[in-house]
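Can you read through this structure? Questions will come right after.
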Amino acid sequence: MLSSILKKIQPSLLVNFRIITRTYATKEVTVRDAINSALDEELARDEKVFIMGEEVAQYNGAYKITKGLFDKYGGDRIIDTPITEAGFAGIGVGAAMAGTRPIIEFMTFNFAMQAIDHIINSSAKTHYMSGGKVFNPIVWRGPNGPPTAVGAQHSQCFAAWYGSVPGLKVVAPWSAADHRGLLKSAIRDDNPVVYLESELLYNYKFDLSDQEQDKEYLVPIGKAKVEREGKDVTIVGFSRIVSNCMEAAEILAKEGISAEVINLRTIRPIDAETIVNSLKKTNKLVTVEEGWAQSGIGAEISALMMEHAFDYLDAPIERICGADVPMPYASNLENAAMVQTQNIVNAAKRVTQRNK
């Protein structure tokens, strides 16, 4: 149609005129491959970036996140360490102070407890204690939260632990695009970022748009995303639990309840504005997390909404959390301790008074 209009206006314009169209191809990618591609692209982009951790090099990582990177970049940039989290965490902090950009991989964040002194006392506080003169551009990454059948000592969610610390940014991505964009933003940040993954998400597949596949695609730290719009209730979650929130929204829709789902993406700083704007529409809120209720992310969001959105609330806020026990090993007890989709559905029905 554009060609015919131009023909009428000025035939001579058509001599070298072509209508250029661009197709936006989506690509299905696992979360594992999304993280791997982000690491690869940032290693190629900046020679100051390197990866250090247990089995990250020749073994390609315990979960194969670093597959192929040792062969491509060599042992000077993909560095295997002994099983001494406190040791290589301290080396990472010092290297970051010296101007490099370390990515420290923990086989699980449960093992990062051995290194928590360096993460909090060295890494998080350096910029403040130096009066803004010394930066600490380091990424602390690895699986967080409960996987399956690994017992109490390997199943904790550390979002609230690190989310309470000034000087840290804390992210917990869900989709493949989240993982790519937030990891790139974390690596390029001039101060420490705790990057919480989920072992149970590694094999999940998501579509990546043309834009999300771009090497310069970034997800801003501190910005939540509305994954599904709704008008009756707001459901807020992060990391793997967003999948359960989306499933719950589908079930609720069949029962006439329109749920808005917010993917928090960043734990610190929390994007309170996006939640407040959602509450202006729905007037009801359910928070969901895999961690414990006391002093958790849901508790913090509830406090923020009391301060910034009290007048918009038509019902008490519901918090759905993991059971207040160390994670059991027996599968039936483990299922009882973990958040299930039906827990979210029931909470949404309670706040909308549709549970009768």
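Don't overthink the numbers, they just go from 1 along the chain as shown.
Every residue, even glycine, has its Cβ placed from backbone N, Cα and C.
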Taking Swiss-Prot at its word that Ala186, Ile187, Asp189, Asn191 bind K(+), choose the one of Ile138, Ile235 listed for that site.
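Checking Ile138, Ile235 against Swiss-Prot: the K(+) site match is Ile138.
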Among Ile138, Ala186, Asp189, these being the binding-site residues, pick the one whose CA is nearest to that of Glu85 (thiamine diphosphate binding site).
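Spatially nearest to Glu85 (thiamine diphosphate binding site) by Cα position is Ile138.
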Within 10 Å of each Cβ, count the other Cβ atoms, then let me know which of the binding-site residues Ile138, Ala186, Ile187 comes out lowest.
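Relative to the other binding-site residues in Ile138, Ala186, Ile187, Ile187 has the fewest Cβ atoms within 10 Å.
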For a quick check of understanding: among the binding-site residues Glu85, Asp189, Asn191, which residue's Cβ has the most other Cβ atoms within 10 Å?
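The most densely surrounded of these binding-site residues is Glu85.
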Other than Ile138, Ala186, Ile187, Asp189, Asn191, which residues of the chain come within 8 Å of the K(+) site, judged by Cβ distance to the Cβ centroid of those residues?
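Output for this site, in sequence order: Arg101, Pro137, Val139, Lys169, Ser185, Arg188, Asp190, Pro192, Val193.
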Where does Asp189 (K(+) binding site) sit in the DSSP three-state scheme?
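Where Asp189 (K(+) binding site) sits, the three-state DSSP reduction gives coil.
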